[in-house]
Amino acid sequence: MTLVSFFSFLFKSLIMALSNFSWRPPQPSFFLVGIPGLEESQHWIALPMGILYVLALVGNATILFIIWMDPSLHQPMYLFLSMLAAIDLVLASSTAPKALAVLLVHAHEIGYTVCLIQMFFIHAFSSMESGVLVAMALDRYVAICHPLHHSTILHPGVIGRIGMVVLVRGLLLLIPFPILLQKLIFCQATVIGHAYCEHMAVVKLACSETTVNRAYGLTVALLVVGLDVLAIGVSYAHILQAVLKVPGSEARLKAFGTCGSHVCVILVFYVPGIFSFLTHRFSHHVPHHVHVLLAILYLLVPPALNPLVYGMKTQQIRQRVLRVFTQKN
């Protein structure tokens, strides 16, 4: 109940912050193009997007249900996995419905406030996902390097505090995005060459000074991704050092195997995200439709693949899922 109240308070605060600028002239609605240059084939592109969204909904809901119902899975690794699944549900649902509406039924218009709220949720929960991946790397480090103290170091109280830090960091860092955007003036150009409200795509439409917006966006991206990747790298450096000291190749392979799922999820999340970020800001040679497709895939592929990766590579999850389906049959 406390968490629900917190989210309710946050949402109301965000709406109030956005409405505090009522003295400004009414801001226009935005027009989402979809995928520029591929308008004729957008309905075909929507098909795999829809499949990815359904996979994300079913897969992450299944993960949450399995972990919630099975007390034996109330361990650090699975509690962090449940956090990842919840974030992925929000992330996919913040992006896919409107993007599919744009591509399939040409519902291109999006209200100004709705656009800012969508942008906030997408970027805030992307930051949270990155934070949870750091927490999962910490869990793997403690499990491999300090196995005898794993349950005492990462007890439920610590896990809850880590989750709260990840949540609050994502919210506090990203709340300035829509607030700073409210200070911009949009003259005539309200066409966003994208399928959803992406921060820099909206900033580029302003006809007023955007230096603060660009600088803050770049700072947040470098701060979140830079520090998180560094923390994950340090954790895995210690893990590698500890595993190489383990006698016997079979024992080493088993130790590495416990990290396989997490490494796959890290690569799926960070590689397209970093490439999309760099091409959007610094490269003028990548076609715009390629950037838009990458940005959409960055938000839909990880939520769709994460449950499959953990389902296939984690024996406990796989066994519970099979048990649920065999009992129904």
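Cβ atoms are placed via backbone N, Cα and C, with glycine included.
Positions annotated as domain 'G-protein coupled receptors family 1 profile' by TrEMBL: 59-310.
If you look up TrEMBL, you'll see 1-17 marked as signal peptide.
Marked as transmembrane segment by TrEMBL: 41-66 (among others).
Residues or ranges marked as transmembrane segment by TrEMBL: 78-96 (among others).
Residues or ranges marked as transmembrane segment in TrEMBL: 116-138 (among others).
Positions annotated as transmembrane segment by TrEMBL: 158-181 (among others).
Residues or ranges marked as transmembrane segment in TrEMBL: 220-243 (among others). Through the fold, the transmembrane segment (220-243) approaches residues 123, 127, 130-131, 133-134, 137-138, 140-141, 144-145, 173-174, 177, 252, 255-256, 259, 263, 266, 270, 273-274, 277 of its own chain, all at least 6 residues removed from its boundaries and within a Cβ separation under 8 Å.
If you look up TrEMBL, you'll see 255-278 (among others) marked as transmembrane segment.
Here TrEMBL flags 290-310 (among others) as transmembrane segment. With a threshold of 8 Å between CB atoms, the same-chain residues lying at least 6 positions outside the transmembrane segment (290-310) that come near it are 35-36, 45, 49, 52-53, 55-56, 59-60, 62-63, 81, 84-85, 88-89, 91-92, 94-96, 99, 122, 126, 129, 193-196, 198, 261, 264-265, 268-269, 272-273, 275-276, 279-280, 317.
The list of residues near the transmembrane segment (41-66) in space but at least 6 beyond its ends in sequence, with Cβ under 8 angstroms from a Cβ of it, reads 34-35, 73, 81-82, 85-86, 88-89, 92-93, 96-97, 99-100, 102-104, 293, 296, 300-301, 303-308, 310-311, 317, 320-321, 324.
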